[in-house]
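Under the heading substrate binding site, TrEMBL lists 17, 18, 19, 20, 39. Annotation comment: TrEMBL describes 40 as Mg(2+) binding site.
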């Protein structure tokens with residue numbers, strides 16, 4: 001599971017840090033996606049817990065925020081994320097795949113990867129970019 005948290009990009013609410021990361025990891029959590037700030041970055045990095053957030057700030061949220069709902073859909077940057085959605089995240093960003101269409105989306109993604117692999121192999125073999133694109137349609 002990936003923890004998804006929305007704080008509306010509030011600059012003074014920084015609820016996620018080392019302790020919530022520890023609790024997340026202890027319960028099998030795989031990472032955090034937040035439209036807010038986090039703290040304790042070195043400790044979180046040492047845990048190898050992937051965190052995708054809007055920034056960092058050395059501040060807690062004592063008496064500045066409250067949990068109003070959990071296990072409900074949230075909207076981050078215009079994308080609705082619902083419990084059970086499939087999350088893919090890496091250094092290039094975060095993708096949310098709605099529950100129920102995972103198989104279709106993953107099949108298309110693997111087809112794209114296969115096309116990219118064929119394109120890369122052809123380019124490594126010395127073929128010209130235009131020729132490879134015409135054949136595979138992938139760049």
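Residue 1 is the first one shown; counting continues down the chain.
Placement of Cβ uses the backbone N, Cα and C atoms for every residue, glycine included.
Automatic, uncurated: that is what TrEMBL annotation is.
Apart from 17, 18, 19, 20, 39, the substrate site neighbourhood in this chain, defined by C-beta within 8 angstroms of the site C-beta centre, holds 16, 21, 22, 38, 40, 43, 44. Rounded to a whole value, the Cα-Cα separation of residue 17 (substrate binding site) and residue 40 (Mg(2+) binding site) is 5 Å. Cβ neighbour density within 10 Å is lowest for 19 among the binding-site residues 17, 19, 20, 39, 40.
Taking a C-beta cut-off of under 8 angstroms and a sequence separation of 6 or more, residue 18 (substrate binding site) has the following same-chain neighbours: 39, 40, 43, 44.
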